[in-house]
Amino acid sequence: MKDLAVLGHLFVAAFMFHFASYMVIPAITDVTMDAVCPGRDECSVAIYLSGFQSAITGMGALVVTPIVGNLSDKYGRKALMTLPVTVAILPLFILACNRSKVYFYVYYVVKVLAGIFCEGSMHCLLLAYVADQVGARRRAAAFGLLSGVSAAGFVSGTLTARFLQTSTTFQVAAAVAAATAIYLRAVVPDSGGANSFVDEACDPFLQGSSCSAATSSSSSSDEEISPRLPPHKGGVPSLSDMVSLLTGSLTLSGAAIVTFFYSLGEHGLQTALLYYLKAQFGYSKDEFANLLLIAGAAGMLSQLTVMPVLARFVGEDILLIIGLLGGCTHVFLYGIAWSYWVPYLSAVFIILSAFVHPSIRTNVSKSVGSNEQGIAQGCISGISSFASILAPLIFTPLTAWVLSETAPFKFKGFSIMCAGFCTLIAFIISMRMRAGQSGASEMLAIVQHEQA
């Protein structure tokens with residue numbers, strides 16, 4: 001049960017990290033509005049500030065995340081996880097001290113810099129850590145559990161914020177973030193680097209027996225994937241290395257394309273949603289918290305219970321298609337919301353859309369060698385970060401335009417509908433790739449039958 005204990009410690013650290021990170025989300029919109037446009041429900045400056053933060057954070061994460069992932073393959077996951085966990089404390093501490101205009105702008109600058117190291121790196125490293133410990137056949141369920149634990153942190157943080165004052169919210173979040181860094185360094189064992197990849201026969205998700213570190217060096221047949229990249233003499237991969245990795249197989253190329261379009265729609269929704277709901281239905285901190293709580297609970301329920309069960313009966317490709325269909329419905333319902341309760345109904349569809357990212361990451365993890373888990377997950381996170389750069393550049397001015405008094409038509413959800421079309425493109429691409437793979441499999445079966 002040693003490996004299960006290792007993942008247990010990792011899950012605790014992941015829960016605490018996401019608890020502290022998401023706890024402040026319901027309050028940050030009101031804090032921003034009070035600092036930038038006090039006494040107003042609509043403020044283009046606040047929307048542009050949020051969009052600029054997302055763009056700069058995504059641009060930095062696009063460069064940093066693959067590098068961090070590759071370095072974790074060489075120096076270990078724990079050493080690299082220490083960076084985002086520690087950096088995440090600083091912006092929370094600033095607003096825990098004061099939320100005046102000056103403190104807000106100091107927080108804003110620090111948050112942008114911290115986001116470069118936190119937004120994609122932590123998730124990438126968590127996935128690589130799990131891949132080190134779990135065999136390929138149960139990796140989809142393990143990734144789903146990791147996402148469920150993260151969603152549990154999201155739900156718990158949001159629920160806690162619902163009953164705290166704004167000042168107390170940031171103080172508690174800063175304290176939990178500091179405790180996360182201490183727990184990570186003191187309790188969580190290292191993985192990756194010199195550590196060997198888990199043997200399928202010793203996979204704790206398949207057996208309850210403990211395995212020695214020596215046996216983990218002999219991988220089972222379905223784990224033996226040849227490295228797609230030559231070993232690096234330095235710690236930093238080149239752009240050509242990343243491109244070669246992603247174009248090395250149809251699975252990786254498809255995962256990259258679907259990730260880009262779905263993340264573009266997802267980040268577009270995040271850019272516009274809170275300001276849209278505030279302008280359309282007058283949502284405040286409590287309504288935001290309720291909505292995020294429903295969304296987080298749906299994601300947690302899906303990833304902890306529904307996805308691990310379905311993963312036993314259907315493949316990651318089917319889970320991905322189901323998730324993308326649910327994601328499209330989720331976004332489009334927000335865009336056409338005709339009453340204050342419709343966004344709550346839309347949030348329920350996260351039960352299905354929660355399948356998307358774990359399914360993509362599982363396909364990626366199965367397509368690379370054991371010493372490339374970090375850089376592969378980092379490249380996919382980098383693509384998601386690139387989408388997060390484009391999303392605010394596209395959806396911030398679009399949202400500010402349709403919410404302004406000078407909008408040429410009265411459709412405040414127009415920018416969200418555009419984000420929905422991005423998720424629809426991802427769904428169509430996934431369906432076409434699924435059809436292409438099925439056709440290739442049938443052709444291969446025919447050729448083998450004729451040869452026989």
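Here the Cβ of each residue, glycine as well, is placed from N, Cα and C on the backbone.
TrEMBL lists transmembrane segment at one of the ranges 318-336, 432-450, namely 318-336. Between the transmembrane segment (45-67) and the transmembrane segment (380-403), three or more CB pairs separated by 6 or more residues in sequence fall under 8 Å, so the two stretches touch. Within its own chain, the transmembrane segment (288-311) is flanked in space by residues 22, 25-26, 29, 140-141, 144-145, 147-149, 151-152, 154-155, 158-159, 161-162, 274, 277, 319, 343-344, 347-352, 354-355, 358, which lie at least six positions past its ends and keep a Cβ under 8 Å from the stretch. Panel annotation: around the transmembrane segment (142-164), residues 7, 11, 14-27, 123, 126-127, 130, 133-134, 172-173, 205, 286, 289-290, 292-293, 296-297, 299-300, 302-305, 307-308, 311, 354-355, 357-358, 361-362, 365 of the same chain, lying at least six beyond its termini, place a Cβ under 8 Å from a Cβ of the stretch. Contacts between the transmembrane segment (7-25) and the transmembrane segment (380-403): absent, as fewer than 3 C-beta pairs lie under 8 angstroms at sequence separation of six or more.
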